[in-house]
Amino acid sequence: MRPSASRTRKMSNNYNDIPIGIRLLQSFSRQCPRFHARKELCYKMSIFLLTFLAYACYHMSRKPISVVKSVLHGNCSTVQLQDAGNCGYAPFDGPDSKTLFGMLDSAFLFSYAISMFASGFIAERVSLRYFLSMGMIMTGVFTYLFGLARTSNIHSLAYFVLVQIFAGIFQTTGWPGVVTLVGRWFGKKKRGLIFGIWNSHTSIGNILGTLIAAHYVETDWALSFVVPGIIIGAVGFLLFLFLVDQPEIVGCHPQPAAQERRISNDSDADENDDDEEQARRSEADQISYRPTPTERTPILARPQAQREHTSHGRPIGLVDALYIPGVVEFSLCLFFTKLVSYTFMYWLPLYIQSSSTLGPELSADLSTLFDVGGILGAIAAGYVSDLTGMSATVCTVMLFFASPILLMYQQYGALSVTISVLLLIAVGIFVNGPYALITTSVSAELGQHSSLEGNSNALATVTAIIDGTGSIGAAVGPLLAGVISSHSWQNVFYMLIVSDIIAMVLLMRLVVKECTAARRSSNRIRIE
């Protein structure tokens, strides 16, 4: 037995063991021939549903803070509120409340962004079942602790900041884990559409978190945090019981990584060069020096004897992952697209309340339409990406339309509820569409790029780099919004529009490549 195979088997026995719940289901299903005939489909459906539910809960636990801001700093302009003592909750009841809210958002998001890089590194080396279960339970604990502040009459800013920091750290277990699991179990056919539908968990989690928080915000805002904290902890335990980490441990075999659709690869422009490229690889194997790297040159050099084991490999490093074509461009683009999306997520309910006559609960309910648009945008972006194979172009077109729609919402969104509803859905479609496509389908494609020679252990690291870079933008956006909104909400929208334009420009090199490849492909079809 080869050493590498021995290590793989040992890892499977120690970490990727069959969950207790699955063992029980297997014992009950022994008399059911239909289950054995459709075993792989059943496991795929369980992975789809469990990861969907898991990340919906992650986002659900992030939303209460955006809803509760309106009562942590109450409107004391009327005598009735002053007499009732409903002017807010210290230390957020002062004139610097927006700055303090920005500090809370930044404490969570910066810790999330920084920890994301380490999280992807760890996720490749441990069982994702334990990784996700622990992360969800601890996220629930710190979400609960934020609400406990009201019950225990805690008014220390340091307490709230520390809770947000640790919540951000444990939230990073979610994205690398769920994307890696879906990438392991599902093939590449219609990946954009599958990921587009699956990625609706983000918007559904936001909607659920908003509705739960809004239900309690005017009576007891502590429950706006306590209830989501309990829910995510319970779902984390559910994953511990039923989540199957690797297809192999239940006798399923993942689809081969060959024949993948490559993103923005120069060599894709001319498929007739494949034979010449293979010849160059064969010559490179026979000489001692390292050849000039191309976009297909393997990042992880391995001996010839080990190249047959391509479904797994040693975990890739952060620096190596940056050399994968497209990772840098999409990471920087996500920095700005996620900046826009998270600024809306954290500040939209407060903006609606301040620009209209709606109360905290109705403002929170209306803000969910942004996430409804996000669901439609994610599915549309994934579907069009599957049809065209031009992910960067799809993102660029949606970002092009996002800027004027943001300006229209700022100018006309407060005229009537009907106009606000329509524009919020449109903003959600064009703002969240590129964000969803990059964090799901694009990340999975790049994590299984041809230069990795089928090394599946690179997926979590690539996902962490892209989402980690985007999360830095997500931290910067709400922080800037907290400072700028103190002077003018209009300037906040100008910041968001400029961010979308920069994100669009960053993808132009990849768009040119995709258009060139599409044009050459169409010319070749006409000649044939």
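From the backbone N, Cα and C atoms, a Cβ is placed for every residue, glycine too.
The transmembrane segment annotation in TrEMBL covers 41-61 (among others).
In the predicted model, the domain 'Major facilitator superfamily (MFS) profile' (47-515) has a mean pLDDT of 79. Per TrEMBL, the feature domain 'Major facilitator superfamily (MFS) profile' maps to 47-515.
Look at TrEMBL and you will find 100-123 (among others) tagged as transmembrane segment.
The transmembrane segment annotation in TrEMBL covers 130-151 (among others).
Per TrEMBL, transmembrane segment is recorded for 157-181 (among others).
The feature transmembrane segment is assigned by TrEMBL to 193-216 (among others).
Under 8 Å from some Cβ of the transmembrane segment (222-244) lie the Cβ atoms of residues 18-22, 25, 43, 46-47, 50, 53-54, 57-58, 60-61, 63-64, 67-68, 128-130, 132-137, 139-151, 181, 209, 212-216, 250, all in the same chain and six or more residues away from its ends. Sequence annotations record features per position, and here TrEMBL assigns transmembrane segment to 222-244 (among others).
For 255-312, the entry in TrEMBL reads region 'Disordered'.
As annotated by TrEMBL, compositional bias 'Acidic residues' applies to 267-277.
As annotated by TrEMBL, transmembrane segment applies to 322-346 (among others).
Positions annotated as transmembrane segment by TrEMBL: 391-409 (among others).
Per TrEMBL, the feature transmembrane segment maps to 415-437 (among others).
Sequence annotations record features per position, and here TrEMBL assigns transmembrane segment to 492-512 (among others). Taking Cβ pairs closer than 8 Å, the transmembrane segment (492-512) reaches residues 263-264, 326, 329-330, 332-337, 339-340, 343, 347, 351, 390, 392-393, 395-396, 399-400, 402-403, 406-407, 409-410, 431, 434, 473, 477, 480-481, 484-485 in its own chain, all 6 or more past its ends.
For the transmembrane segment (41-61), the residues of the chain that approach it from at least six positions outside its boundaries are 35, 132, 136, 139-140, 143, 167, 171, 174-175, 177-178, 181-182, 185-186, 198, 201-202, 204-206, 208-209, 212, 228-229, 231-232, 235-236, 238-239, 242-244, 247, 250, 252, judged by C-beta separation under 8 angstroms.
Of the two recorded stretches, the transmembrane segment (193-216) does not lie close to the transmembrane segment (130-151), with fewer than three CB pairs under 8 Å once pairs fewer than 6 apart in sequence are set aside. Same-chain residues lying 6 or more positions outside the transmembrane segment (157-181) and placing a CB less than 8 Å from one of its CB atoms are 47, 51, 54-55, 58, 61-62, 91, 100, 103-105, 107-112, 115-116, 118-120, 123-124, 128, 131-132, 134-136, 138-139, 142-143, 145-146, 149, 243, 245, 439-440, 443-444, 447, 459-460, 463-464, 467. Per-stretch counts of Cβ pairs under 8 Å to the transmembrane segment (391-409) identify 415-437 as the leading one among 100-123, 130-151, 322-346, 415-437. Beyond its flanks by at least six residues, the transmembrane segment (415-437) meets 192, 195-196, 199, 202-203, 333-334, 337-338, 340-341, 344, 352, 356, 366-367, 369-378, 380-382, 385, 391, 394-395, 398-399, 401-402, 405-406, 408-409, 470, 500, 503 of its own chain at Cβ-Cβ distances under 8 Å. Within the chain carrying the transmembrane segment (100-123), a Cβ under 8 angstroms from the stretch's Cβ atoms is held by residues 62, 65, 69, 72-73, 91-92, 94, 131, 157, 160-161, 164-169, 171-173, 175-177, 180, 315, 318, 342, 346, 460-465, 467-469, 471-472, 474-475, 478-479, 481-483, all 6 or more beyond its ends.
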